[in-house]
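Worksheet: one structure, shown below.
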Amino acid sequence: MSGRQRTLFQTWGPSLVRGSGDSGCGQPRSPAMAEALPEEDDEVLLVAAYEAERQLDPGDGGFCAAAGALWIYPTNCPVRDYQLDISRSALFCNTLVCLPTGLGKTFIAAVVMYNFYRWFPSGKVVFMAPTKPLVTQQMEACFHVMGIPQSHMAEMTGSTQAVNRKEIWSSRRVLFLTPQVMVNDLTRGAVPATHVKCLVVDEAHKALGNYAYCQVVRELVKYTTHFRILALSATPGSDIKAVQQVITNLLIGKIELRSEESPDILPYSHERRVEKLVVPLGEELGAIQKTYIQILETFASSLIHRNVLMKRDIPNLTKYQIILARDQFRKNPSPNIVGIQQGIIEGEFALCISLYHGYELLQQMGMRSLYFFLSGIMDGTKGMTRARNELSRNEDFMKLYTHLQSAFAPASTSDASAFQRGNKEKKFVYSHPKLKKLEEVILEHFKSWNAKATTEKKCHESRVMIFSSFRDSVEEIAEMLLQHRPVIRVMTFVGHASGKNTKGFTQKEQLQVVRQFRDGGYNTLVSTCVGEEGLDIGEVDLIICFDAQKSPIRLIQRMGRTGRKRQGRIVVILAEGREERTYNQSQSNKKNIYKAISGNRQVLRLYQGSPRMVPDKINPELHKMYITHGVYEPEKARSVQRRPFSSRGGIKASKSNKDGLLSEEEFNLWSRLYRLGDSDQVKGVALPQSHFPSLQEDRVIQDPTTRIHQLSLSEWSLWQDRPLPTHQVDHSDRCHHFISIMKMIEGMRHEEGECSYELKIRPFLQMEDVCSKYHAPRNGYNNVASVASSAHQKSSFRPSVDAGGSLTVIESEEEHADTVKQRDSKWTKITSLREKPCRAGRKGQTCEHSEGEGEDGDAGSSDADGQSPAEADSQVDPPSGERMADVGGISILGAVTEEDNHPGTLQMECQVTNKSCARYSLDSGYSSFSDEKSVSSNLFLPLEEELFTDRAAEQFYNCRPMTEDVLANVERFLSRSPPSLSGLSDLVYDVTQGCEFDNASCSPYPEHEHSPRPVSPASHSAGNSQQNLESNSAKRISHPTEKYCLPGTTHNKVSDRPSFCESDSEGHNIKYQNSGSNSCAQIQADLENNFVDKNSHDDSEPPVLFTDEDESLLLFEDDFKNIEDGPEELNGASLPPFNSISQPLRVSGKTLTSEMPPVSHFLISDELLLDDDSEPEDQIVCGAKSWKCQEGVEDGQEELRTDGQTFDCSVDLFSVTFDLGFRCSSGSDDEMLAGASDRTRTLGAADVSGRHSDKEIKDAGGASGPLGRAISPIPTETAQWSPWAQNKEYASFHVASSSPVKQRVRSTPLSKSHASSKTGAHMLKTLDSTKEKAGGQGFKMALNPRLGHLGFSVEETKSSDQVFVHQSPRRTEVEHLTSESEDDVFLRKTKKPKRNVLKSPEDQKNNEVDSPIHAVKKPRVLRSELASSDDESENFGRTCPRLEHFKGRNRNIRKGSAAQKNRSQVKTMARRFLDDEAEVSGEDVDCVSADEEDESENEQDSSLLDFVNDRTQLSQAINDSEMRAIYMKSVRSPLMSTKYRMVREKRPNMNIFSQIPEQDENYLEDSFCVDEEESCKSQSSEEEISVDFNLTKDSFTDEDIRYKTRYAVKIKQMNKKQNYTRPRKKLSRIILPDDDSSEEENIPKDREHSVAGGHAAAEHTQQGQLWASGPSGSSVPPQVLSDPSWNQSSRQRLQVQPSITDAVPRTLNVKAQSHNKIKSASPPCTGVESRKEYGNHPVQLKADSQEHSDTSAAPCSTSLLHVAEGHTAPRHLQEGNRACILVDSREITTGLEVISSLRTVHGLQVEICPLNGCDYIVSSRMVVVRRSQSEMLSNTSKNKFIEQMQRLQSMFQRICVIVEKDREKAGDTSKKFRRTKCYDSLLTALVGAGIRILFSSGQEETADLLKELSLVEQRKNAGIHIPAVLNTSKLEALPFYLSIPGISYITALNMCHQFSSVKKMANSSPEEISTCAQVNHQKAEEIYKYIHYIFDMQMLPNDLNQERQKPDTCLTLGVAMKELS
C-alpha cells in the first residue's frame, strides 16, 4: 500500500520502519519530492478526517466500540437465570418484560440502563414511571444495583421547574421522570431527542390510547428511531386487544413473559395462597335488594316500552349496558321520538344509570354505601334535581330510603377522626355480610400470628392490607376495625380529593401513611386502588380484596403486594351472584392472555423495526462483575449540601462552632461568667402568654414554675438604645430604626409635662398625614369645641375602615372654636333615590335610616357674633350597627340641631354605602384632633356647607382608590336600560393640558383669599398648604323658616350650607322647594352673610346649582322613584336624574329655590380643583321656563378669564371605559355659544338640555355664579375663567347628559355643583392632582376616546401641547377674553338626523317614554360640521364615524402620539378639513396605520363628515383607485345615508414616503371615473369576496413598478400560461391591516390554504370555501387558481372595521352589517392600528345571525394563504434563518401535534413561553388563537373567548383564529357537523371585528397554516428574530415589561433584548421605543406615557385586591411597580 493510500494513523504509525528501509536505498529525495510533501500531508489529513467522521456516523449513534465489546451483568446480587436471559434479550431488541411483582423487573431495567450508559457516552438514558414515588424508588435501585454515579443521574417530576429541567437535560445522562414531564420537555425542545438511546417504561400496561407513554414514543420517533425501548409490567393488559395496543404504541418487538407457574420463576417466588370466600347476601340484604329491583323495574320499563332499551331481565342489566343503549339512541334516534320526548328519554337514561350504580353498590358494598349514594341525590349535593323529583314521587323508593336513613343516618356524621377515636359506645351496623367475614379473617390472622411466639416472628410484626374500590366502603371498614384496638391498628389510605365534598390525601400524607405502615405504626391499611401499584409499602402478609375486579391487571397488582420475601396469603371476599361471576371472568381473561402471548405467537403483531443499536460487526460479550457502590444520598439532602450560600444574605453556610466565633480568651470569660448551668435553676425559656382582650381566654392556666425563665421584650431595653459591636455583618437599617425608637422611648420615659419629641417634630408635621376618626353618637352631644381646641386644627378626611362604609365628618376651625357649642342632634332621614345591593360592602346588611322629626321652624342659629357654625357629621359607625344597603347612594341623616335658639346648624350624617370607598379613602387632610373624639371627614361625600376647611379640596386628590370602586358601581348601574335621549343635551367636554399643579395634594391656597382672581391650587407651596383659612364656622347663616316634606316623613327643616370643602366660599341662602310633589324642602343659605369676614368675600363660592343625573350626587325621596334610571353610583354618592317637573331654583341674595329635595345639593363639583375668589352673583333665577341671571358681578371678576377645562383622568386611572349605551342629543345645545339669534330659546322646566335664555342670563361673572360654576373651569397657569362663562350673550351650562357615563367619570369627587335641578350642568371630570406631580409640568391629559360621541374635534398645538375641543365653526364673541393660554374650548351644539340604517334608533317619542325628563323639541338642522348625533349610534357597539378625527386626535393625546409635531392650530371648524388633511398625512404618518380608517365602518354614514373625507392620507401619495373611492364616498348625500356606499380602497402604507409616488397614467382609473360594475355591487353574493387586488395592471404604474420587483412578474406569467384574460372586477376595498398586498402576490399552483369567514366560509361555499390541501397538492381547480379575482380574494385580509366600543365591557358587540354594505364594501378594517385606537373599548359581539342569513359570503372573511411554489424547504430554512413561533405553554397538552409538526415537519423554531392567553405568536404583530369547533359551538365559553379577543386586540395588530375540526376518537363514527346560532354569530362577530378566521381539519393542517402565516410575516420583516430565552439579568426585567398595559409577550421580549436595562427604556423617546420594541408609534407613545406618568404615593390604595385595570387603561408606573412587588 502506497503512502498516498494510507490513512493518517497508518502513515504515522509505521513511518519509522518505512523510513529506515527507504533510506537504505541511498537515494536522496529530489527537490520536487520535497516540495510535494505538504500536498501529500493535506490529502492524508482529509482521509483521516473522513474516517473519523465515519466512525462517528449517526448510524452508530455515538456508540463507543471499546465499551461496546462487553456488556456488564452485576454479581453483587444473586444471579437469576431468567433475569440474565431477559437482560441479554432487551439489549438488542425493544422488549416487553412481563414478570410477577417482586421478581426483579427493576433489576433488569437497571442492567439494561447501565449498559447503554456505558455504550453511548454522549447519549441519554431515560426511565419513566407513572408516579413520583416509583421514580424515586427506581433511581435508588439503579444506584444500588449498578452503581451509576449519582452525579450523572437526576430525578425530574412536575415539581421541577422547566428552566431547571432544561439544564438537567444538558448536564445529566441518566434521567428518571414521569411521562408527563417527558412530553412537556419534548414539546418545549428541552430534550435532546436524538441523544436518547434507551427508554425504559415502567407499568407499561398503561400505554393505551393517548396516554403520555404513547405521546413520548410518538414524539421521539419524529426525531430518531435509533433508541431502545424496554417496557416493564406485571400484566401486559386486560385482554388481547389491550396487549396489542401496548405493543403497537411502544414499538415492542419481543415479549418476555413469565408467570408464577414458569419453571425458571418457581425457585425464586414465595408461595402465595389465594383463597376465594363467597358470602351469601343474607335475609335483610336480600329483602332490600328485592325492593330495589322493583324500583329499577319502574324506571327501566319506560325505556323498554319505548324500544330504546333491550328487553332483558331487569336484575341482570348493568350500568354499562344502559350507557351503551343511550349512546346508540343518541346516534340513531327514532323518527317517532322528537322534540321534548327526546329530552325526557335522556333524563330517564340518566336516572336509570344512577339507580343501577346504586344497585351495584348494594350488591358489592352493602346498604350503607347505597344510603350514602342515595342521600347525595336526595339532599341535592349531586345536583341531580330531576332524579330527586322522580324518586320522591316513587312510594317504594321513599320507604326504602327512610329505612336506610333510620339505620345509617347517625353513622353518616362519623368521620375519620371519629374512627380513630374509636367510638365504641355506638354499635356498629354491618351493612353487608362481607363485613362480618372480613372481620373474622383479620382477627383470625392476628390471633394465629401472635400465637407463633417464635423469635423470628417477634421481629417481624404482621401487616395486613385491605383493598376496596370505594371510599365509603374504606371508611366503613376502618370504622368496624377500630372496635378491635389495639390488636388492630387501622389507617385508611385514599387518593387525592376528587371533588368539593370529598377530602383525600395529599401526596405528602400518602407517603407519611406508607412510611408509618412500613415502620410498624399501623398494622392494617385499608386502601382504595391507590395502593395497588407503585408504592413500596414493605412486606405484607395478608391481602384481602373486599371486592372483585374485572380487570386481571388490578387483581395481579393487588396480589403482588405480598409474597415477596416470605409466604403471603391472599383472600378474596366475594358476594354471591354477579361479583363472583366477575371474578371468575377475570381469572379466565388472565389465563387467556398468558396463553395467547406464550403459546400462539401469531395472535399478536410485533414491531419489526427495532434497531439493533450495536453496530453489525460488534457482538458484545457478557462480563459478570461485582459492582460496589457508595451510600445513596437522597436528592434533597444532596441539594442542600451542594448549596454553597444560604438563601439569605449570601452568607456561606458553615458548621456552627461551639465557641461562637469567640476567641479563646473571650470564650473562657463567657464560660466563666455568663454560661448558664444546672446550678442556675434555669432549665428552659418560655414566651409569655399573649392576652387578647377581644378573645375569650380558653387556655389552661399553668402553674408558674421557677425552672422556667419567661422571656420579656422589655428586659433588654437598656441594651437596645445603642448599636452594639458587630462581626462581619453590620446592623441593618431596620436595626438602626429600632435603636433610634428605643432611644426616643427611653428619653421620653423620664419627661414630665410637654413632650420634647412633639415640640421637635411639630415644625415637620403634615396635617394631612394625621389620621383620626370620630364616631358621633346619635341624638347625643358632639363636643366639637373640645375637638377643635388644638392648634392648626383641620378636618380629617380619613374614613373609619371598620365602619362598614359610613364616614364621620366634623369640620371646625381654630379661630372660631369658641363659637362651637354642644348641640343635641335630631336626625332626619334623607335617603337616596334607589337602594341597591352593596357591591363591595358587607353583603346582606342593610341600613336603617333613622327618621328624625324636625320640630323647629327656624333653621338659623346665632351666637355672640351672630354667626352660626355648621357641622357635618358623616357618622362612621352608627351605634346600632346599621349598614347601608345601597351602593353608591348616600343616606343623609340631617340633624337639626337645637340649642339656645340656634337650631340652624345641620349635622349631616352621610353614610357611604360603598364600603370599599371607606376602605380606600386616604387621609390627606388636616387632623390635629388628638383626642379620641377626633372625627374623620368623609372624603367621599359632598357635604356642601358643613365642611369648612380650605384643605378639603386637596383631600379629594387622594381618593383615587375610592373613586375606582365607585366607578365600578357606575359600571353596574350601566347594566340597566339607559334613559331617553330626547331632552338630554351634550356634555361640554372641557379638556386642557396646560394646567400646572405644583402641589400634588392641592393646597387650599389661603394666601389668595383676597385675590381679585382665582388662583390655581397648584400655585401654592407645601408650606402654604399648611396654613389655615379663617373659619367659616364663625359666620352665621340666616335661615328663614322653611320646611321640607319628604314622603313618609314629617316636615323637618334642614339648614345647610351649599359648600363642600371650600373654606373661602360665602354663605349662600339656598332654598329648595320640591313642588313636584306635596313634599317641599327648603334649604336656605345666606348669600350675603358670609362665614368669613367681609373682606374675604372674594373667596366666596357661587351658590349651589344642581347638575343633571350625570353630575349630581343627589339623594331623592320616594317621590322620585318613578324615574326609570337609578342613580349613578359615583364616588360613593348617588346620581339620580331629575323629576320632570322643575320649580324655580333661585340664587339671590337671600334664596335659592329649587324643586330638588333638600339633599340634592350633595353634588360632586369641580371645587376640588378650583379656587373661586370671585364674588357671588346677586341673583340667578331658575324659573320654570328660564334662567334669570342678573348681573351683580364685580368688575374684578370680569378679568378672571380662564379656559374652563375639565380633566378626565378616568382613562388614565380607571378601567371604567364603558358607555351608557346610548348617545345623547347634540342638537339640544345648538345654541351653546351661538349668537343672539338663539337667545330667545328658553329652557323648559323639564328641559335638561342646559339651554338658557341669553337675555336672561347675563355675565356670569367669570363663572362665579351658578352658570360659571357649572362649567367649573379648572384653573390653568394663568388662572383665567372660561370664555363662555363670560359671554354676556350666552353663559350656558355645560350639560353632561350628552356624553356617556364613561366620559363623565371623575377621578375625584367634585364639590359644590352649580347647576339647575334639571339643567344638567356639566360635572367636571377633574383630574386628581395627585396623579400629576408638582412643578411646571402640565397635565398629561388622556382624553377619553369616547369623547367622540360629543361631536367635538380636538386640535393640538405644538407649542403648548394643548387640546382644543371644537364644536362650532365660529369663534364666540368671548374669544378675545382668553389670555395667552391657548387652551380655548369652543363648543357649538348641533342636531343631526338619526341615520342608523341597521337598527331603528330610539326616537324622541320613545325616549320620552323611557325618561321622565321631557325636553323641548327643536326642529332638526343639518349638520355643517362634525358633531355627534343623539340617535345615530344607538348601536352600543359603534363609535361615531363623524368623530373619528376627534377620536384619532384623542387617541394620540391619550396614547402619547406625536403631539410634538408641527401642526396648524385650527381655529374654526370650517377649516378642519384642510388642516386635518395636512396634519394627518404629513405629521401623523408615524402614528396612523397605513390601512387604518378612523371611523367605524358599521356606523351610520349619512354625516357630512363623509362629504369631506379628512381622515385619510391620500393627499400625499395615493393611487387613482383610492382617490376614486374617496371621491365617491365624499359625494354622498348627508340626508340619504345609504345612497352611495363606496368601496374603500386600501390606503397607502404607513411608510408612505418610502414608497414611489404613484403616477396618474390611465384616465380610466381616474378618481372621477366610476366603473360601470360598481352598480352591481350589491346584487351578487357570489362576487362579494372576489375583490380585485391585481395591482400589477399597467394602469397602476407605481403599483406595477413596486410589485414587479417581487411577485408581479410571476403572476402575469401564470396568467399568460393559462391563457386567461382577466375581466374587470369590482374593486372592493379590502384593507390589509398595515400590510402590503404585494407581499402576497405569490400564488402557488400547488398549495392554497383558504380561509372562509362568516357563513360562506364555514359552510364551504364556493365563494369562501376552505381549500384545505396538504403539501401533496391543491384541491382548488386550475381555473380557480388562474382566476385573478380569486387571486385577489385570496389576498384579502378579512378586515372589517372593528366595532370595538365600550358600551358593554364583557361582550363583543359587532353590529351585523346589512347585505348591501358587506357586498358593496369590505369595510376598511384597519388591522391593529385602528383597533388600537379602540384599544380600551371592549369589542362587542352582538352579531345577529339572521341579519347575516342572506349574506352567505358577506363578511369578506376569506383569507387565502399562499405558499411559494416548491416550498419544500422555506427560504429562511435554506438560508439558515429559521422562522420562530412562540407557543403558549398550555398548548403542550392540547396542541402537542401542532408543536411537533412545526418543529419536525416544517423545521420552524418553536419556543414554549407563558403567553398568557395567546396560543401562538407568529410575528411581532400577529397572534393566532386555536379553537376547536366544539368550543365555538358551545355558548358556555363564549364570554371567555370574547374577553380574550378584547385583550388581544389591545396588544396585537393582527389576530387570527384557527377553527380546528375536533379529533375523532378511534372507533367512533364521524358525526355530521351541525352549526349552531352561537357558532354563526361568533364567526360573524369575529369577522366584523377584523379578526381573520382560518379553518383546519386537524392539528397537522393547523401547523401548516401557522407555518404559512409565519412565512408571510417573515417576508414582511415582522418575523421573530430574537431568542426567546433570556439570561438572568434580562429575565428580571421581563415581568415589569409585561405589566405595562397592552404589552404582548413578544413586545416585552423585544424590549428585554433591545434595552440593556429598564432605566434605558424609561429614558428612551417614543421613537426609540417604537424601533426597539417593534411596535407602531402609537403603542410606543402609550408605553412612554405610561412610564412617565407622574405618580403620587398617596394614591396607593389601602387594599390591593382591587379590580384589575384593563390593559388599555393608562396606569401609573407606581402602580406597576406595586404590582411587581
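Just so you know, glycine gets a Cβ as well, placed from its N, Cα and C.
The ATP binding site feature in Swiss-Prot is assigned to Leu99, Pro100, Thr101, Gly102, Leu103, Gly104, Lys105, Thr106; the stated evidence is sequence analysis. What Swiss-Prot lists as compositional bias 'Basic and acidic residues' is 1249-1259, 1370-1379. The compositional bias 'Low complexity' annotation in Swiss-Prot covers 1669-1682. Summarising the annotation, Swiss-Prot assigns domain 'Helicase ATP-binding' to 86-254. Look at Swiss-Prot and you will find 437-612 tagged as domain 'Helicase C-terminal', backed by sequence analysis. According to Swiss-Prot, the phosphoserine annotation covers Ser30, Ser1637, on the basis of similarity to another entry. Look at Swiss-Prot and you will find 638-657, 837-886, 1002-1049, 1244-1273, 1296-1319, 1369-1441, 1447-1466, 1615-1700, 1712-1732 tagged as region 'Disordered'. The annotation region 'Interaction with FAAP24' is assigned in Swiss-Prot to 1689-2009 on the grounds of similarity to another entry.
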Let me know how many other Cβ atoms fall within 10 Å of the Cβ of Pro100 (ATP binding site).
23
Long-range neighbours only, meaning 6 or more apart in sequence with Cβ under 8 Å: which ones does Lys105 (ATP binding site) have?
Val97, Leu99, Asp202, Leu232, Ser233, Ala234
Check the binding-site residues Thr101, Thr106 for other C-beta atoms within 10 angstroms of each C-beta and report the one with the most.
Thr106
Write out, in the order they occur in the sequence, the residues of the chain not among Leu99, Pro100, Thr101, Gly102, Leu103, Gly104, Lys105, Thr106 that have a C-beta within 8 Å of the mean position of the C-beta atoms of the recorded ATP site.
Ala234, Gly560
According to DSSP, which kind of secondary structure is Lys105 (ATP binding site) found in, if we only use helix, strand and coil?
helix
Proximal but sequence-remote residues of the same chain as Leu103 (ATP binding site) (Cβ under 8 Å, at least 6 apart):
Arg258, Ile265, Tyr268, Ser269
Determine the mean pLDDT over the region 'Interaction with FAAP24' (1689-2009), rounding to the nearest whole number.
73
What kind of secondary structure is Pro100 (ATP binding site) part of, going by DSSP in three states?
coil
Under 8 Å between C-beta atoms and at least six apart in sequence, can you list the same-chain neighbours of Gly104 (ATP binding site), or say none if there are none?
Arg80, Gln83, Tyr268
